[in-house]
Amino acid sequence: MNPIVINRLQRKLGYTFHHQELLQQALTHRSASSKHNERLEFLGDSILSFVIANALYHRFPRVDEGDMSRMRATLVRGNTLAEIAREFELGECLRLGPGELKSGGFRRESILADTVEALIGGVFLDSDIQNVERLILSWYQTRLDEISPGDKQKDPKTRLQEYLQGRHLPLPSYLVVQVRGEAHDQEFTIHCQVSGLSEPVVGTGSSRRKAEQAAAEQALKKLELE
């Protein structure tokens with residue numbers, strides 16, 4: 001992998017790996033090698049959830065568990081992680097197999113999100129919980145400053161349903177129109193038909209549920225509720 005690209009990535013991350021093999025593994029998709037990033041992703045997912053939960057607990061001392069859970073879900077969901085990945089220009093650093101390269105895997109939201117979690121796991125193993133917590137909070141500083149409790153933090157499907165019910169309109173319908181990839185690494189494409197929109201909106205995700213949420217979010221944007 002190009003050392004110039006790797007050094008630039010580490011500057012953007014705000015962390016230089018002592019063990020570069022952990023960074024290489026974090027950037028390696030299972031399509032490229034048997035030594036891939038899924039175990040690091042598993043670890044990073046749990047660490048991220050803890051760090052964000054801890055930050056919200058101390059920032060919002062009077063907010064109940066339900067609102068904190070919704071805020072955490074907003075901050076750790078796939079599209080938020082993919083946004084962070086794009087800020088780091090992570091796509092050009094990924095190690096992907098030929099099939100994923102050809103199909104544009106370096107742009108795929110689920111792969112970008114998973115890689116951010118793998119990087120978190122890698123930083124933890126390369127250093128300690130204090131370092132990785134500091135790093136995550138630096139990545140999330142603006143988002144933590146901007147987030148607030150309330151209905152805005154309900155998931156998109158719930159908000160879309162409540163909007164339509166409040167206007168006595170039919171509930172949205174979700175249809176799977178495409179499933180790509182192998183069983184362990186699928187991408188679902190969903191069409192969501194919403195009363196008031198002339199065409200179905202499209203959402204993609206690594207599971208049917210995530211794709212439906214993505215479609216609902218697009219519908220909310222078209223309805224100018226997002």
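Keep in mind that glycine also has a Cβ here, set from the backbone N, Cα and C atoms.
The Mg(2+) site in Swiss-Prot is built from Asp114, Glu117 plus one of Glu41, Glu182, Glu187, namely Glu41. Asp45 (active site) sits 5 Å from Glu117 (active site), taking the C-alpha atoms as the reference points. Note: the Mg(2+) site is recorded as Glu41, Asp114, Glu117; in the same chain, Asn37, Glu38, Leu40, Phe42, Gly44, Asp45, Ala113, Thr115, Val116, Ala118, Gly121 also have Cβ atoms within 8 Å of that site's Cβ centroid. When averaged over the domain 'RNase III' (6-128), pLDDT in the model lands at 94. With respect to Cβ neighbours within 10 Å, the recorded positions Glu41, Asp114, Glu117 differ, and Glu41 shows the lowest count.
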